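Engineer: To start, I am sharing the structure in question, which I have written as structure tokens.
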Amino acid sequence: MSASTQQEPSLILITGMSGAGRRATAAALEELGWYVADNLPPELIVRMVELSFSDDSPIEKLAIVTDVRSRDFAGNLTSVLHDLHTGGRRPTVLYLDATDEALIARFDAVRRTHPLQQKGTLQDGIDREREMLTSIRERADIVLDTTNRSIHDLRRELEKFFAAADHSSVRINVQSFGFKHGPPKDIDMLLDARFLPNPYWDPELRPFKGIDAPVSDFVLSQPGAQAFLDHIVGLIHSVLPGYRKEGKFFVSVAIGCTGGHHRSVAIVEELTRRLADDGVLVNLSHRDLER
């Protein structure tokens, strides 16, 4: 990728599944100081960007929300991305997603029909939209699954990505999780800490979690734990230059154990400390710690 088309940290294109939280995302970004243009058809995006970043415009950070209600949405948006790249801008594409069950529950709660439902069922509309958006999801820089996220959770995630003072480096989002709850969907790397002994089976350690010293000390002292961390840190450092060259500035790493309470939590805490000590921009979260 040439220098003229590096990722533009001041420009976000927000799209994704209807009901996945586009409006909540727009509101959160406004609170973070972004100028948000909502429900903009793809054919108007390039012009909006040109006007917003003209010399006499006061706008410094622009987020544009667009959805499938426009005709040939995926094709038009792909064309827009090409035109923006040609013009020297590479926006961060944020794709919001959720499970079918979560989307159906949200539509039922507000008693709304899906924009692509037509005369069919709500599921028909969701299926149609997923098919239409497949290519856009594949091109997204960030895929954010909102299934189990409250509005407050969503805002915290957006803060991690878009409220940082330094947007010139790759930001690593590290999270722990429990495999019994399913792996996260919005990740770039997935690692398994279940090869380590489980503190759950020690009656003295069972009341504690991976953020507590007794469990953390136990996990990190196990054979293989330090080598595991060394390999992860080395892997991340080895791929950062490539991600930066490709204009990918947000990378999600997930480390799992059985329940997401002990081993993965301790490993993620230590990994975050090591990366931060190395000067890497890193965020930390524990998805299943309170389950």
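Keep in mind that glycine also has a Cβ here, set from the backbone N, Cα and C atoms.
Taken from Swiss-Prot, the feature ATP binding site covers GLY16, MET17, SER18, GLY19, ALA20, GLY21, ARG22, ARG23. Annotation source Swiss-Prot lists GTP binding site at ASP67, VAL68, ARG69, SER70, citing sequence analysis.
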Engineer: Going by DSSP, is SER18 (ATP binding site) sitting in a helix, a strand, or coil?
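Structural biologist: Note: SER18 (ATP binding site) is coil by DSSP, not helix or strand.
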Engineer: For ARG69 (GTP binding site), what is the tally of other C-beta atoms lying within 10 angstroms of its C-beta?
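Structural biologist: Taking all protein chains shown, ARG69 (GTP binding site) has 11 Cβ neighbours within 10 Å.
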Engineer: By CA-CA distance, flag whichever of ASP67, VAL68, ARG69 among the binding-site residues is nearest to GLY21 (ATP binding site).
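Structural biologist: Considering only the listed binding-site residues, the nearest one is ASP67.
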Engineer: So, three-state DSSP: helix, strand or coil for VAL68 (GTP binding site)?
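Structural biologist: Note: VAL68 (GTP binding site) is coil by DSSP, not helix or strand.
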Engineer: How many Å separate the Cα atoms of SER18 (ATP binding site) and ASP67 (GTP binding site)?
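Structural biologist: That comes out at 8 Å between the alpha carbons.
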Engineer: Might you list, by sequence position, any residue in that chain lying six or more from ARG23 (ATP binding site) with a Cβ less than 8 Å away from its Cβ?
Structural biologist: ASP38, VAL65
Engineer: Counting Cβ atoms within 10 Å across all protein chains shown, which of the binding-site residues GLY16, GLY19, GLY21 comes out on top?
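Structural biologist: Neighbour-count leader: GLY16.
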